[in-house]
Amino acid sequence: MKRTIIMMLDSFGVGASADAASFGDVGSDTFGHIAKACAEGKADIGREGPLKLPNLARLGLGHAAMESTGAFAPGFGDNVELIGAYGHAQELSSGKDTPSGHWEMAGVPVLFEWGYFSEHQNSFPKELTDKILARAGLDGFLGNCHASGTTILEELGEEHMRSGKPIFYTSADSVFQIACHEETFGLDNLYRLCEITREELAPYNIGRVIARPFNGTGQSDFARTGNRKDYSLEPPAKTVLDKLKAAGGEVVSVGKIADIYAYCGITKKVKANGLEDLFDATLAEVKSAGDNTIVFTNFVDFDSHYGHRRDVAGYAKGLEYFDARLPEMLALLGEDDLLILTADHGCDPTWQGTDHTREYVPVLAYGAGLKAGSLGRRNSFADIGQSIASHFKLEPMAYGESFI
């Protein structure tokens, strides 16, 4: 029975990529800087001491990062019995965003330029927002800027509740984000507003509209809920997910995967929020998955809760939790199953600002007859998609080189 399980650690980069200078990210290193902070006792909130990831180390994480950066991260070295194949991959796509990374790892790199709202203030064209407001029956909006999602709630959340005006904001990514209170504005109203915005953005080539619902009574207790929803464009070509579905296979999305691919190639969507819930749901789907199935999970907390918020200790604690549960996954795998652990970009929690970082991503592969050892530097995330196509004996993808 052949299956593929993809555990996507959102934002878990392993060192600045060769083209990082074009993004202002030379020197960034999500994994390495977390390990360094832990070793120096600078990440002892909710955990303590050096970064402890013994299971990821056995799968080759430390070695993949060493090949990426030229040195082992603090606390990692050769004194480990490797059980997996490991490498690191360069992104071919033009951006360091979520859709680009996900589509490329499924065999479809983004070779065009996304549209962006580059102005930090008055970010959105008036012509665009006027159309959105008119269709939605709203008399105004708040924000209109680049912002951290948590900071903008502190600044504008109470005014939003008083006025009923949605909060529009963006970032360095190709994204239009809308934050609204679940109770005072209404979740369905937020989703409808996002659908309108997605339609009006057609001429702008923006990758995603993101619904950012929150709750709470005031500035001190505002918090995002688990009802985030991404409205993505469709990938520009058929991904390996589409190809497996067309061949009669199953593709199970856990978390926000379905949204990122605009539901293309997805046969089942499982909603889950938080590391524990996402891991539980992944295990449950693997237990019930039949032949010719992909189970694909995005562990978004690493990015949204820790990377963007520049929370080094939180990121480290999350990684250690994930690592401690990996034996549960390994115990479920048959001899023909393929497990892949990777990331879609970096988001170094020690870096300036709050945006993603252009980094190599780890490619850790286990099972399906793969020998433990180095896969080297992969020239594209698409090598993952090509390898999955090879594993299922599908028609080859247009991009990528299989490591199987």
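In case you wondered, yes, glycine gets a Cβ from its N, Cα and C as well.
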Same Mn(2+) 1 site per Swiss-Prot - residue from D10, D19 joining D344, H345:
D10
Within 8 Å of the Cβ centre of D303, H308, H356, which other residues of the chain have their Cβ, at the recorded Mn(2+) 2 site?
D10, S11, S304, G307, H345, C347, T354, D355
Chain-mates of D10, D344, H345 with C-beta within 8 Å of site centroid, Mn(2+) 1:
M8, L9, S11, F12, T98, G101, H102, D303, A343, G346, C347, H356, V361
Rounded Cα separation (Å) that holds between D10 (Mn(2+) 1 binding site) and H356 (Mn(2+) 2 binding site):
10
Cα-Cα separation of H308 (Mn(2+) 2 binding site) and H345 (Mn(2+) 1 binding site), in Å?
12
About how far apart, in whole Å, are the alpha carbons (Cα) of H345 (Mn(2+) 1 binding site) and H356 (Mn(2+) 2 binding site)?
7
If you skip the near sequence neighbours and keep only those at least six away, which residues in the chain come within under 8 angstroms of D344 (Mn(2+) 1 binding site), Cβ to Cβ?
M8, D10, S11, T98, S100, G101, H102, M105, V361, F381
Count, for each of the binding-site residues H308, H345, H356, the other C-beta atoms lying within 10 angstroms of its own C-beta, and report the residue with the smallest count.
H308
